[in-house]
Amino acid sequence: MLILQAFIQSPGETFLNLGYITIRWYGLLISVSVLIGLFVSKKLAKARNINPEYISEILPSLIISSIIGARAYYVIFEWRLYSGENFFTSFELFNNIIQIPSFLAVWEGGIAIHGGLIGGLISIIYFCKSKKINLKTFIDILIPSIILGQSIGRWGNFFNNEAFGVPTNLPWKLFIPIQNRPLEFINYEFFHPTFLYESLWNLLIFIVLIITFNKQNKKDFFRPGFISCLYLISYSFGRFWIEGLRTDPLCIGGLPPFCDGGIRMAQFISIFLFSSGLIGIFFLRLRTYIGKNRKNG
């Protein structure tokens, strides 16, 4: 019963307070994701005869570019939350309170995975060109770690009491404190745990990608780039439907919680990425077909 209670109600965003420094769950989960991702990607790189140390080399720039991209994407579409009187926020450093621009306070939440993917992709392209590595193969190596990191990172939303869905009375409903509820749902206590839905969906994708990766050498169907396309299709499919439940969408031409008169940005991007994945697989299969005909001819 205690486990169930802890599951449906966040214990708070703070993992440990050491006085001079506060360790938050969000930061801890990101750190764990990076370490696990480093281990997984090195294993996959070795399986593709690519120097595993390349993973360690790209890691710093990949983290920085992904965080910058994820934060910038979110701030651009939610600038109203960081402008005017909200431009500065308080930050405690060695028992001293200082004022910093609120858009720099990443630890308070407010990042978007699609922006992180854009930032990370820029870093990967530059790295592959400088090292003369096959881009599609290298991305295929990194993708399973990325989706696993997304699965783990979603629990940061749980501890921050954010990114939840519309009200519900389902047995797995999530309690949200009144100060974290949208004004439209201020009188509701329980909401869809959309963080959990996406975390489990992403974990399932990770398993499928690893199975596919291990079969890539055995079947000609799975050419370099197939893992990346499969990720785009599967993640975008799940994100599209889960996004429809959320009360904090980034909107184009509308305002949360329903983007009335506009469109949810994440759903728009999901449609684009889903289509890109399908087109990518089509061209991969086309290249395989043409290659076989040339050999037979």
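Note: Cβ is positioned from N, Cα and C throughout, glycine not excepted.
Annotated in Swiss-Prot:
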- 20-40: transmembrane segment (TRANSMEM)
- 57-77: transmembrane segment (TRANSMEM)
- 105-125: transmembrane segment (TRANSMEM)
- 133-153: transmembrane segment (TRANSMEM)
- 193-213: transmembrane segment (TRANSMEM)
- 225-245: transmembrane segment (TRANSMEM)
- 266-286: transmembrane segment (TRANSMEM)
Would you say the transmembrane segment (57-77) and the transmembrane segment (225-245) are touching, if the rule is that at least three C-beta pairs must lie under 8 angstroms and be 6 or more residues apart? no
What residues in the same chain, six or more past the boundaries of the transmembrane segment (266-286), come closer than 8 Å to it by Cβ-Cβ distance? 112, 114, 221, 223, 225-226, 228-233, 235-237, 239-240, 243-244, 249-250, 252
